[in-house]
Protein chains: 2
Amino acid sequence: MYRSHTCGELKATHTNTEVTLSGWVQGVRDKGFMVYVDLRDRYGITQLYFDEEQTAAAILERAQKLGREFVIQVKGKVQERASKNPNIPTGEVEVLVTELTVLNSSIVPPFTIEDKTDGGDDLRMKYRYLDIRRNPVKESLIFRHKVAQAVRNYLSNQDFIEVETPYLIKSTPEGARDFVVPSRMNEGQFYALPQSPQTFKQLLMVGGMDKYFQIVKCFRDEDLRADRQPEFTQIDCEMAFVEQEDILNTFEGLTRHLLKEINGVEVDKFPRMLYDDAMRLYGNDKPDIRFGMEFGELNAVAQHKDFNVFNSAELVVGIAVPGGNAYTRKEIDKLIDWVKRPQVGALGMVYCRCNDDGTFKSSVDKFYDQNDLEKWAEVTGAKAGDLICVLSGETNKVRAQLSALRMELAERLGLRKPDEFAPLWVMDFPLLEWDEDTERYHAMHHPFTSPKPGQLELLDTKPGEVKANAYDLVLNGNEIGGGSIRIHDKSTQAIMLKLLGFSEEEARAQFGFLMNAFEYGAPPHGGIAFGLDRLVAILGGQETIRDFIAFPKNNSGRDVMIDAPAPIDDEQLTELSLKLNLKS
Amino acid sequence: MYRSHTCGELKATHTNTEVTLSGWVQGVRDKGFMVYVDLRDRYGITQLYFDEEQTAAAILERAQKLGREFVIQVKGKVQERASKNPNIPTGEVEVLVTELTVLNSSIVPPFTIEDKTDGGDDLRMKYRYLDIRRNPVKESLIFRHKVAQAVRNYLSNQDFIEVETPYLIKSTPEGARDFVVPSRMNEGQFYALPQSPQTFKQLLMVGGMDKYFQIVKCFRDEDLRADRQPEFTQIDCEMAFVEQEDILNTFEGLTRHLLKEINGVEVDKFPRMLYDDAMRLYGNDKPDIRFGMEFGELNAVAQHKDFNVFNSAELVVGIAVPGGNAYTRKEIDKLIDWVKRPQVGALGMVYCRCNDDGTFKSSVDKFYDQNDLEKWAEVTGAKAGDLICVLSGETNKVRAQLSALRMELAERLGLRKPDEFAPLWVMDFPLLEWDEDTERYHAMHHPFTSPKPGQLELLDTKPGEVKANAYDLVLNGNEIGGGSIRIHDKSTQAIMLKLLGFSEEEARAQFGFLMNAFEYGAPPHGGIAFGLDRLVAILGGQETIRDFIAFPKNNSGRDVMIDAPAPIDDEQLTELSLKLNLKS
């Protein structure tokens, strides 16, 4: 037995108990005649005490030679500390060591194993096993486990069945790029790794397994942006014999349960917003509603004056920045530079100060008088002391730009509080979106999403206007889940696939098994999938997902710790009936 | 709302309740003026009733036209049945239907949706979504979910943390063949899919996450035998600061919990058996100890007579078949044919009848007298009325042959009872096994398994005799789990890898990250992995795993439902810097 207790549990009540502890040496304070060692394990830190009078000389000497991250086992007696440390749970006691065994030595770690480490990101990733010893990473992984357990228990208690769907499936050209897996036994053929278990969960509905979920890895071979991983985890869910309302209620229940169980936060019924309203009011289909700063569309009050920039714009839209009138001219100029950065892409920004005395001072006073500006304030909801920021241009672009500005300012103003949770359903997404590159419609959600009742007819005439039975769950400005009511009849599915540019033959080759399944009594069904990595990060009050993933990959899709991917043997390639065909 | 109740819950207490049900038409009995429809969903079957007097004519007519597997929704009132069916939970009642909506039609399914279907295996796999509607498959999947939930809750309650390890990792030449995944972003390089998360769980131990588990998919590109899948699920576990005894106790606890929670069976402390004893007594490292029929080694009593077959054999070994003396000569001849089949491979079989009067009659009476045969009976534990079956030859081969015979006879004698559970730890496996093909030692478990204390020295001189700190958990003759205490110091790991034929360079290339990690204070650790597919099947009292997997692959690694694997576009291949290099 390596330990009788963990390093996180000894308290004053254990005084005089003989204990055995094992762990890592966090640090050694050698005062010559006395030595203090902080011993760390997953559960905490306990102080070990050695002194000339009470410790055998050989043991004291060995203690003095301990290095950081040595693995040791000690036996000894718990005693109250001379000077207590109220900051840690074990701070009342220490262990007077009578036996010391070095279980393993350690060379000096490349960074400090502290909450605030001196290690940069690259180093931490390369030595992730050391990084995991640090509290912030360790606690994030434990937090993730707790969330996953809470999800599983909640859904199981509601009669959901977790069903494992296969990982070696079939490549489909729709959606993102697949990772593929060459098959040795089926020469020249490939499996694909699932981007999601979408078709399998629909087949489970056809199979009568009317409440399904799975916490499952999914894969997308996309060029990686910051905070995106080639493999990621979904909470994948599907229900049969349900309407949209049933699904919203069920998963609002799950989310509310998590907020309560994990964060201790009680949340009211989640508000719902139409996609069109989200775009109009926040320029964004995943608005952060922890704060206001809603968009005010200014076309009616700002156009038809002599300001051509606005007159020629499709949309003129502004937000009121609370207290923004306090910004200096220099600060405002910086803000203008900020929106002009290529990442945001605005051509410029008009602003209007709302003075405390009720007067206005804008950057376009040449064109707009006080009456005009008062209307701007009305529309954007600006009060005395605020700053109105106005952008103009092509509707979609200008909304995205103003949304970026809104989020940036909220961040600066401290309005995005990590311990405040504002969930929101965004509803009635468009069914299709036009892709400029390929000049055809793509499914906005996926090709199995059903149009809203009564809109099937529009598909032929105005496909871009058709709304879908699709919904996203947004939390604090992040999409944490998205889903839809699916098409469950073969003819609608055929129309959809045709509209998405599939020939009948292609449709049969790719989705034949689903179309076949729909011949045999498919029930009405729908579902949702949550991104677990993101959900966990947000519940944990963090912006980035990386510390909630044990072994993440970098932006080139590499695991720098194990150095993967890597070349493979020619023999292995030959067995797979493959040859390299390098571009360079 | 598609339903107010499921098809499994209505009872006499619901009489006169207005209900809405949805489900599949299991069958229609049309008696002209009355129609009975069995409506099925995941939860059961409820009888629907229509008649001329109480049902609107249009509805009655629609009911008469319903086909098998149509999806319908009905509203109506619960009433007691005229003739009750005590065999199903809803057998007391029926629903007098007032509204009927056909939600989807169905063409005639390719096999009957009944517990005993007329569909063959191939057809069932092709239409797996229909197969899942059948109770035996549906219940197996639900059973699997319950087992997985019980595992997760038990381990979580014991402070284990489920950590997700990556699926896109690095190919290693050791062990079975890897499935590989070409990387588009890293030209000419490949990920591998994990055969197990072995190294990652060890890195988690180095990282201080001292109790880890994960229910995780693993992948092996091996030629498939019956009942083996290219992707399979493990319950993967690892602990730090533990000795072998701690691990055995922990996972004996888990297994006992599952037997109790899932099967309602209380099991005593699991017996333990040395690997050498298992081979000696059962010819098998995973003995089924639900019944006796232990091997008796007969060299001492059967050699040095005039029977050259035995004299020249390395091992002469027999078992007593309870009641086997009742076999006719013809039956015994058939048994001899059975052991001579190529799958078993014996050259012949000697037998000895134990007559009720205490005399013996053997097939080799020419060489052995009654005294000799009495000794055979003593050694094999044969009693009057039994039959002694004796095989001889090279030790390993003859043990395997007699083990096959023992299992076959036990099966025929009904000694392998599916509702009886006999767990067993098999301990002290050899560390290495000699591979005839490559003429070198292979790790029997894996290269990270530690030798038993004090046996490190033998590694140089008699590597084949070194035992490992390795153990298997056997249940009813199946290995359900296996694990070991790992090597945690760098120098032993280096010795092991050298012995397994890795050059220093190869070792660094393949396992460098683990060897590196061992520089930084690796704790003593060990673990175990359970095969979930097999475990669930055995707990479910079944021999084959396939019905416990939602979408299994066939023996060529194909998913015949979705028709995967499949060729991919040239464009996709080019993007991956690959070309086909077909052999044919």
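Easy rule for this one: first residue shown is 1, then count along the chain.
Here the Cβ of each residue, glycine as well, is placed from N, Cα and C on the backbone.
What TrEMBL says about a protein is an automatic prediction, not a curated fact.
Within the listed segments B:78-81, B:86-89, B:198-201, B:414-417, TrEMBL records region 'Aspartate' for the stretch B:198-201. Listed by TrEMBL as binding ATP are B:R220, B:D221, B:E222, B:Q229, B:G531, B:L532, B:D533, B:R534; the candidate from B:E479, B:E571, B:E575 that the record includes in that site is B:E479.
For the binding-site residues B:R486, B:R534, the greatest number of Cβ atoms within 10 Å around a candidate Cβ is found at B:R486. Taking a C-beta cut-off of under 8 Å and a sequence gap of six or more, B:L532 (ATP binding site) has these contacts in its own chain: B:R144, B:V147, B:A148, B:I215, B:F232, B:T233, B:Q234, B:I235.
When Cβ neighbours within 10 Å are tallied across all protein chains shown, the highest count among the binding-site residues B:R220, B:H445 belongs to B:H445. Rounded to the nearest whole angstrom, the C-alpha distance between B:R220 (L-aspartate binding site) and B:E479 (ATP binding site) is 18. Remark: B:E222 (ATP binding site) has B:A176, B:R177, B:R228, B:P230 as non-local neighbours, by Cβ distance under 8 Å and separation of at least 6 in sequence.
In the three-state DSSP reading, B:L532 (ATP binding site) counts as helix. The separation of B:H445 (L-aspartate binding site) from B:E479 (ATP binding site), Cα to Cα, is 13 Å. Per-residue pLDDT, averaged along the region 'Aspartate' (B:198-201), amounts to 95 for this model. Spanning the listed ATP site, residues B:R220, B:D221, B:E222, B:Q229, B:E479, B:G531, B:L532, B:D533, B:R534 have a farthest Cα to Cα distance of 21 Å.
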